[in-house]
Amino acid sequence: MIFSSLFSVVGMAVLFLIAWVFSSNKRAINYRTIVSAFVIQVALGALALYVPLGREMLQGLASGIQSVISYGYEGVRFLFGNLAPNAKGDQGIGGFVFAINVLAIIIFFASLISLLYYLKIMPLFINLIGGALQKCLGTSRAESMSAAANIFVAHTEAPLVIKPYLKSMSDSEIFAVMCVGMASVAGPVLAGYASMGIPLPYLIAASFMSAPGGLLFAKIIYPQNETISSHADVSIEKHVNAIEAIANGASTGLNLALHVGAMLLAFVGMLALINGLLGVVGGFLGMEHLSLGLILGTLLKPLAFMLGIPWSQAGIAGEIIGIKIALNEFVGYMQLLPYLGDNPPLILSEKTKAIITFALCGFANLSSVAMLIGGLGSLVPKKKDLIVRLALKAVLVGTLSNFMSATIAGLFIGLNAH
C-alpha cells in the first residue's frame, strides 16, 4: 500500500514537471494559484472517494441523477417502443443500441439543463462555484465562471456564459477558458457515458475535479502577466417561458447527439480500417495481431504505470487512453466497456478501472481541436489566431488535468481498499 501511494505521488510530480517544462513564462507562475488549485482538486478527490460521508453523498447524487436519466427513458420508449430500455434500466428487445440508449438521453438531458437555466437554478450554482474558485485561486471572475460552467455544459457552450467579457479578457484568461473546456465534459454527455454503463460516481467526481485541475495546469503553462478582468456575472440566453427553454434545449441536444453519432460512425469505422491495414502489414512482418491499440498500448504503458496502474494491466490502460487522445473519449469508453462486464478479456482491479475512467473523462483529444477553434473563435474573432496557436497546448492541459484527477483517484481508492 505504501509503495502504491508513493508511486501515485511520484506520478503527480511528473505531471507537474511536464507542465513546468512547457510553461511559456516560468517566472510569472503564481504559485498561490497553483497550490490552491491542487489542494482543491485533492480535497474533492478525498471527499468523493475516501471520506465515508463524502462517498455516501456522492452515491446519493449519482442515484438521483440515474433516476433522472431513467425518466428520460420514458420519452425514448415512447419513440422507439420495446427497442428502448424501460424506466428500470432493463434493455429493450434489441439489446444495447447506442443511438437509442445513449444519444437519445443526451437530448433529454440537454433539455433538462436548458430548463434549469431558465429557472435560474444553473446560474446560481455557476455563480457559487465560480465565485468560490475566484476567491480561493485568485483567478479572474470570468475564467472562474467559465470553469464552473464547464462542469455542466460543453466546451463550445460554456464561453457563452461569459460572452460579454471575452473581448476584454487577457490571452492567459482566454487560454484558461480553452483549457477548462478540454479538461471537462458536458452534463448531457456525462449522462451519455452513464447510459453506456460507465460508473456514474466516478464521472461526477471527475467532472467537479476538472474545474480546479484545468485552471491549475493552464496557469502553469500560460501564466497571467496582464491585467485581468475583474467583473463578470453569468450571461444566459433569455427564454420566453419554460416551454421554449425545453424546446431549445432539445434542439441543442439533438445537434450534440448528431455530432456525437457522426463522429463515432466515422472514428469507429476509421479505427477498424486502420487496424485492418495494420493487420495486413503485420501479416507480412510475422505480427498477426498488430493493431493501433497494440501500438498505443506499448507506447503508453509506462504512462499508465506512472498514473498508478499495475504493470500487468498498464498495457490495456495505455491502449484505451491512447485511443481516447487520438480519437475521442466515447471511443475510449467503448474500449473500456468489455472490462467492466461479467466476462472481461482481462480482470482489472477496481483501482485500475477508476484511474482509466477518470483519465478518459474530458474533451481533451485531437478531434476536439476543430470544435474549440470554430466555437470560441466565432465568439471572439480578434483572438482567433491566439486560439489556433494555443489549441494543442489546451489539449495538453486538459490531458494533464484528467491524468491528475486519475492519479488522485487511484491514490484514495488504493488507500480506501486497505
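Glycine residues also receive a Cβ, built from the backbone N, Cα and C atoms like all the rest.
Listed in Swiss-Prot:
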type	residues	note
TRANSMEM	2-22	transmembrane segment
TRANSMEM	34-54	transmembrane segment
TRANSMEM	93-113	transmembrane segment
TRANSMEM	174-194	transmembrane segment
TRANSMEM	198-218	transmembrane segment
TRANSMEM	264-284	transmembrane segment
TRANSMEM	292-314	transmembrane segment
TRANSMEM	354-374	transmembrane segment
TRANSMEM	395-415	transmembrane segment
Beyond the flanks of the transmembrane segment (395-415) by at least 6 residues, Cβ under 8 Å: 1, 4-5, 8-9, 11-12, 15, 18-19, 22, 41-42, 45-46, 49-50, 179, 181-184, 202, 205-206, 209-210, 213-214, 216-218, 221, 307-309, 325, 350-351, 354-366, 368-369
Interface check, the transmembrane segment (34-54) with the transmembrane segment (198-218), three or more C-beta pairs under 8 A: yes
Top partner of the transmembrane segment (354-374) among 174-194, 264-284, 292-314 - counted as Cβ pairs under 8 Å: 174-194
Residue numbers, six or more beyond the limits of the transmembrane segment (264-284), whose CB comes under 8 Å of its CB atoms: 98, 290-293, 295, 323, 327-328, 330-331, 334, 367
Spatial neighbours of the transmembrane segment (292-314) far in sequence, C-beta under 8 Å, 6+ residues away: 4, 7-8, 10-11, 14, 271, 274-275, 278, 321-323, 326, 335, 346, 348-349, 351-352, 355-356, 359, 403, 406-407, 410-411, 414
